[in-house]
Structures are given as C-alpha cells and as structure tokens.
Amino acid sequence: METDKDGPFLNSLYPSRSLPTVSHGPLEGVRDYEVVRPIRLHTLRKRETEVHSSPVLPSCTGAVYETYYTEDGTPVTSTPQDMDHCYYHGSIVDDSESTVSMSTCDGLSGYFRTAAQRYLIEPLSGGDDGDHAVLKYEDQSSKPMLCGVTNITWNEDYPSITSRSRSRASVRHPIHEYYKKMESNRGELRKRIFEVVNFVNMVYKPLNTFIALVGLEVWSDSDKISVTAPAGATLDAFTTWRNNDLVKTKPHDNAHLISGIDFEGSTVGLAFIGTLCSGHSAGVVQDHNPRAIAVGATLAHEMGHNLGMNHDDSSACACSGNSCVMAGALSWDIPKSFSSCSSLSYDQFLNNRNPECLLNKPDYRNVESTPVCGNGFLERGEECDCGSMKECTNPCCNATSCTLAKGSECAAGECCEDCKCRRKHDDCDLAEYCTGNSAVCPEDVFSVNGISCDRGRGYCRNGQCPQHHDQCVKMYGPSAEKATTYCYNQNTRGLYYAYCRRPSQDQFIPCQSQDVQCGKLFCKNGNDDPNYGRMVKFSDCKATFYGDHTSDFGQVNTGTKCNDGKVCSENECVDLETAYGPKATNCSARCKGHAVSTSLCCFWLLLLGQWLCS
C-alpha cells in the first residue's frame, strides 16, 4: 500500500504475461522467482481501506537526524527533506497468521508471510509500475550464523562480557569501505537502513514496543573507531565512542553499529544484556545478508539483549514460528516473533530495572506523516485511531471518523479510564486533565522520586509506592504478608534461596547485614504455590528460587523502602539521595508533599504561597 494526499492506494500483484517464470535469474543468491507487475486498482479514501497496514514512522518527533562527513572529516548533520513515509508493516487481508513488512519508496520491496510460506518481493526495473520479482524465501545457507552473547548479564562490578576476546584489527576501514560498497550513495544506504528498521518495528509490535529511529550516522570519510573482526573488541570500542561522542551530541536511548566487516567465526552480532538507558546500551551487527529483513532479524535479536532478553536455550521457550527472534543461531527461517521466555524476561527487565529513558513515550501528533484513519496510529487531525472497523474494540473512539465517541474526554493514555481522565491513584500520583482538543491526556505526572508514601511505609518511585508487602501479595495472593526480620537475615548466608546477587548460574553472593532487606523476598501466609518460580519454606519464611539466573522474580524490587530515608538500589540499601539524586531530598524537604516529577530538571516555582517542585 502507498499513500498520497488523496488517500491510500491499493496495489495488487499480477504475473506479467509477457514474462514467464524465470529460473537462474540475475538476483543474487536466488535460483527461482516469478516476475509480477503491481497493478493499481483504484484509490481508496479513508474508511474504504481494507489493507491492514500501518505506516512505520521514522521517529517519534518526525525528525530523523542524519550525519555524514566531508572528505576533510567535517561532520554535517541535517534532516533529510526528501524522505518519504513509505515504510509499512501489517498483515494480509483475511489471513490472521500473516505478516507484512514492505517499502513502497521505489516500487514494492520487502517481506510477507502467509500461514504456510514466506516470500520476498523486490523491483527488477521500472519503479512502481515495472516488473517485480516474487520469490519464496528459502535461504538455507550451510554457514551457521550466531550471536556472540554467552548469556552473561553485564554489571558495573564485573568486566565487560566482551573483554575476553580482544585481538588486533584485521580490516582497516570496514565501515568506510561498506559505505563505498554502497557506491557512496547515502540515499540507497538510508533506504536499506529504513527497511531494516521497518522489519525490527514489525517484530517488536506484539510487545507493545515502538522502535523510533531518531538518527543515522554514516562514516563516509573514515572510521571513528578501530573496527575489528573480533566482535567483542568492536563492541567495546563502539561503546566508548558512543559515551564520549554520540550521547553528548545526539539524544537517544540505544545505538547499534552496522558494519560490512566479517566478524570472526560464525558471529554476526553482539550486544550487552539488560543495559538499556545505561552507558552500555549498544550493540554491533554484521550486514551479513543482501536481504534487509535478515539483517533486521539480527538487529532485533541484539536489541533484545539490551532489553534484558537472553537466548532461548530451553525447549520450553515457544513462539508462533519455526524460529524465535532470540534463538542463539539465526536459521534459514527468518524469525518474526519472540518466545514466551523472551516476553517474560522483557517484562522482568521493565519491572525490576524500570528503565527511565522509556518513560518519555512518543507523541504521534508531532510526526510529519500523511494521516490515515484506521491505521492504529494517532496522527495530526485525529482525535483517536483504534484501527479498522473490524479491529477497533475501543468504545471511546469512533472508528469510522477517528473522532472521540459522544461523551468521551479521551480514548487512550495511562491517565484515561472509562473514556474519562482518571483521578489520582495514590500518594505518588497526581490528577491530570484533558485539553478538550485531543484524545490523549497530558503526560502522566507523578510525585518526585523519594517522597514518602502510604503513611510512611514506602517512598515514591516513578509513580509507584513499592513495598515488600505488595510484592508478597503479587507472589502469593491477597493474604500474603512480609516475613519477619529473622527470615531476611538469611540473605547473609549466600544460599540458592537467600542472597543479594546472582551474577552467574551457580554463584550466590550474600548480602551485607545492612542490605538484607534488598536481597531475596521473604513472605509469610498466602498461597502455598507462588505465582512465579518454586518455593522454599522454613519456619515462617517463604522464598522462591529459579533454575535460570536471568529470570529471577524473587528479588526485592528496586525502590522498596529498606530503612528510614533509604531504599533498595541494585540490591543494596542506600540513601534516597544516592538512589534518586539531590532533588529527592531537596524536594522532600521544601515541597512537603507537593513535589512533581517531570522529564525536566528540578526547579522551584512560587504559586499561591506554596512551593511546587517540577
């Protein structure tokens, strides 16, 4: 599907009568394919659209920053003005098991999958109306392609997981040479990267995660780091450059280096585990396949490591396809879905680490794209967009016009409940209101981290009031309670059910006496079977243990109160100022319960005689 100012067009593919099925054609690595020619049937306006697809928006702000270098090394940063919004992913009509990742920039190119088979399509010549090749994707290469990660989570207290495999450079300028390989054509390189990101976005959509490309840097003159065949050394060098250079000039949450170098052995990618929003939120990917979707699958895999996912090494890790995204080896069957294990690890990462850089959700109203009512994305001129009439289940939104239903104030957002903007939840929350012009409520603001909550039982953290008791209820049911001090003192023993940290499968690091409230969670009463893991019970103490050290839900949550003026952080009981910075204590002292946390720094505002921290 492609769009213009008049609305979306519907394309259909027909075999070219003058061109029979071609064997041993000119496409690289392809033995057989069929030549087809897209036929534009008719213009579909607004609600006539039946193609279930969504435009992939290059960034959450509409601005993708591209940096390249002149011959003398001068960086030039701009926002491409000729960038078309022509990247889509969705599904085939009347095929619920299908997926589509397609570009309509210059003809049709991309990937689509039915319940039984996977296909690729790409133009042969003539752009939109010319001949296209459709082929079954059966790239059954004999060469295995692996991820270099060995299921070791990076931690500041331990050496980098890549430090064991360093060696001298074997290629002098692989990134620069990769650019030259693309015939120094930034437009073609940009197009390929967008196709890669388009596929990644399709893969992450079921996890309710939107991947926004906010910048592309091309080392067009020379490499900025030493790019070497050992993937670990390249990742370390890239991470250092990112922290010293890129982070300071281009705001972003995550960065990946795509290189034309052939990494050592079978490795095609490497990334740190569970490091999003940190200085190690990075990965490296080899451009190992002429098909953008294959490289996209590798990028999705390495990004999954940054999001706390490990390899699917267990037979219990199931997904909808023959191969899952986080499989240790990339098979000929390009994966398009995450396994149950990956989804669980991702949820654990979000709940336990609470990565703060993900709190600034994209505002689709700022995206410069042609609005399409029914695509599921809120765009300019729309009050809401709940998908097609068949897909829409939101009673607050009128699917035929993308306007709010009668009597509705809002249709989406964390502060929208029953089509109205909700009241505050608790001490850590603040009430919001709608503007009257949009279905989206204002940003969900909450009390500053470190404010006392629930009558002194806890301290606010990102709008929540984490406590041992509430965590026990989630683990063992409504009658569960926090266990006694005797139980928590067991965390000094360093046993498989009582410890503070578990950096590897069989390593259980005991807590220091002052940190016992921040190690394993101990509860009493409640159900005999925990909701997660297996239970250990002694005296009046209940704890859980897990076979996989990367999926341990039995640790006390970050931000839980462990003493007066102290909270748990990285399994240590630390001062509020150490955990949340000076504004936690400053705002607590001066605002006296009226503190507000936003993405801005802490400043002071005198309003009606009361200090408000914003």
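Each residue, glycine too, has its Cβ placed from N, Cα and C.
According to TrEMBL, the domain 'Peptidase M12B' annotation covers 176-362.
Of all the Cβ atoms in the protein chains shown, 16 others lie within 10 Å of the Cβ of C277 (disulfide bond). The feature disulfide bond is assigned by TrEMBL to C277-C357 (among others).
According to DSSP, H305 (Zn(2+) binding site) sits within a helical segment. Take the CB of H305 (Zn(2+) binding site) and look out to 10 A: across all protein chains shown you find 27 other CB atoms. The feature Zn(2+) binding site is assigned by TrEMBL to H301, H305, H311.
Here TrEMBL flags E302 as active site. For E302 (active site), other Cβ atoms within 10 Å of its Cβ number 23.
According to DSSP, C317 (disulfide bond) sits in a coil region rather than a helix or strand. Within the same chain, residues at least 6 positions away in sequence whose Cβ sits under 8 Å from that of C317 (disulfide bond) are C324, M326, S339, S340, C341, S342. Under the heading disulfide bond, TrEMBL lists C317-C341 (among others).
Around C319 (disulfide bond), a 10 Å sphere centred on its CB holds 20 further CB atoms from the protein chains shown. TrEMBL lists C319-C324 (among others) with the feature disulfide bond.
According to TrEMBL, the feature domain 'Disintegrin' maps to 370-449.
Annotation source TrEMBL lists disulfide bond at C421-C441 (among others).
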Distance, E302 (active site) to C357 (disulfide bond) (CA atoms, angstrom): 18
CB contacts for H311 (Zn(2+) binding site) [other CB atoms within 10 A, all chains]: 24
Secondary-structure category, per DSSP, in which C421 (disulfide bond) falls: strand
Sparsest-packed among the disulfide-bonded residues, when each Cβ's other Cβ atoms within 10 Å are tallied, from C324, C341, C357, C421: C357
Proximal residue to C277 (disulfide bond) among recorded positions H301, E302, H305, H311, C421 (C-alpha distance): H305
Mean of pLDDT values spanning the domain 'Peptidase M12B' (176-362): 82
